[in-house]
Amino acid sequence: MSQVAAESTAGLDQQFVGLDLKSSDNQNGGGNTESKGRYIPPHLRNRETSKGVCDKDSSGWSCSKDKDAYSSFGSRDSRGKPNYFSDRGSGSRGRFDDHGRNDYDGIGGRDRTGFGKFERSGHSRWSDRSDEDDWSKPLPPSERLEQELFSGGNTGINFEKYDDIPVEATGNNCPPHIENFSDIEMGEIIMGNIELTRYTRPTPVQKHAIPIIKEKRDLMACAQTGSGKTAAFLLPILSQIYTDGPGEALKAMKENGRYGRRKQYPISLVLAPTRELAVQIYEEARKFSYRSRVRPCVVYGGADTVQQIRDLERGCHLLVATPGRLVDMMERGKIGLDFCKYLVLDEADRMLDMGFEPQIRRIVEQDTMPPKGVRHTMMFSATFPKEIQMLARDFLDEYIFLAVGRVGSTSENITQKVVWVEELDKRSFLLDLLNATGKDSLTLVFVETKKGADSLENFLFQERYACTSIHGDRSQKDREEALHQFRSGRKPILVATAVAARGLDISNVKHVINFDLPSDIEEYVHRIGRTGRVGNLGLATSFFNERNLNITKDLLDLLVEAKQEVPSWLESMAYEHHYKGSSRGRSKSRFSGGFGARDYRQSSGSANAGFNSNRANSSRSSGSSHNRGFGGGGYGGFYNNDGYGGNYNSQAVDWWGN
């Protein structure tokens, strides 16, 4: 037994010696001659004869160092060295490698290729190997992505009228406006994407806002609904990011990643009041960041938080967010605003109406965001009442006030009709309007309550109309599906509450119907602004009865301002309402005074410290002075058609103006 055991032990020792690569190499003088019976694992066979070839070992791809600086995927090391992974013996397996390269080790990382895509491996670290590259150079095109982003765009048909829209810019040293996109340097990427988007001419707000933002001036812009405000701030912001690169934000992200955290530091932040508007801005940002290294993200309430966090962890340079969800992400440690250079508040008055002021101040003033004067801040909206201009005093530094068109007014591209309809007759009147509308035309019907939206949708469905509805009680998925069906024309009638009234860009809406008029005139402005967008012509019809007497005067002012036909009964009611209310003091409507309609610094005089009241630097183009708060003049000359009367059942009236 002892002899057998000894022989067995000797046999095992001999086999181990045969497996010892180093002793075997030494015995053979380091040559390639193999001992008889020596076992070589498959992954090590012919290793010595494969120098200069990338072999996949157990730790990843290991490439020879004499390979060209560009990998087969088009990615490039930031110092011209090849993009290869270290061996198991010296690699850090996904941890931060601080030895000679300021980047994550490739093992288990997500390597960013030349087109900005990510490759996942075992761990989820983010490796941006193009951090020192020139961000102003476009990446290779993608036919699939280009088709996805730019296939649905369309341009307006009434841009000639934009030349007559009055524009007023107030503030020190206002940069001159542009007439064409080519008049200002925005870089190769932006100009290419403008061409893909089929934008031929800038709108008035774009003509003035783009050079102001490019000069890094703070801006408060008040422009008509549907005038192109989104592109007015995205184009210059992205252009500047492409020129400046990521700066300290990328370095901070990497330093944070050393300790296993995945906090993102966006360079630009856009705040929006609603989920729908946030998604819309995000989609526009995707278009203008095409072929760039900038990665936009969007976060909003009512959607899966985990999925939004995963999307953020892939990288975020431009963030579009609703205030509530952004505060949540900041408290979770997923978002840091330490290096935010650009802050945009879109539909700022709507955010205040929805009670977001505490969250906005928490984001801007009580966290790590750079202070005003260091960051670049812009506020955009269709209306700017007193509360918003007071917010501007706190957030903006030496800003320029830009009033494009008649502030708080409606577009002349929209034909407005007001008809007297009793409450019980509304549904039958609505059916008459829908029957007069072409089958391919999109119609948006606004109601005041969620219950009313569901009820009207059921009624139209029973009448065999293809319709859908959205309101605040619907899930985010249901709302997105409803908007998709409406945009695509599968269900050309959308019944909505005010949740869809602000900021939604559904470009080919032909007809907006106020089944229920809102209680304030500003909501009316935003509702009818869903049609007649960016140069297109549209129609807005409002059902008026005794329940709407509170907005009679403001509605009359608005119709006069937009040079619309005014029913004689509405003029009479406004006259009576005016004298009934005169004994109670001056109207508090935003349209009765100049505060919300012009630069607060000019109307308040020297009583407000911190505001520049120098009127000599005001610049004006294409229009006359504003002498009624938002433009226009007296009532004279606009009431030539007193026979309007609101009787639209007559065959002599062509509803569409043909």
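Even glycines carry a Cβ here, placed using N, Cα and C.
Lifted from Swiss-Prot, the feature list:
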type	residues	note
COMPBIAS	45-69	compositional bias 'Basic and acidic residues'
COMPBIAS	94-129	compositional bias 'Basic and acidic residues'
BINDING	199-206, 223-230	ATP binding site
CROSSLNK	Lys214	SUMO2 cross-link
COMPBIAS	603-627	compositional bias 'Low complexity'
CB contacts for Lys229 (ATP binding site) [other CB atoms within 10 A, all chains]:
28
Using DSSP and collapsing to three states, where does Val205 (ATP binding site) fall: helix, strand or coil?
helix
Give the distance between the Cα atoms of Val205 (ATP binding site) and the residue listed as 'SUMO2 cross-link', rounded to the nearest whole Å.
14
Which residue, out of the recorded positions Arg201, Lys214, shows the minimum number of other Cβ atoms inside 10 Å of its Cβ in this structure?
Arg201
Would you identify the secondary structure of Lys214 (SUMO2 cross-link) according to DSSP, in three states?
helix
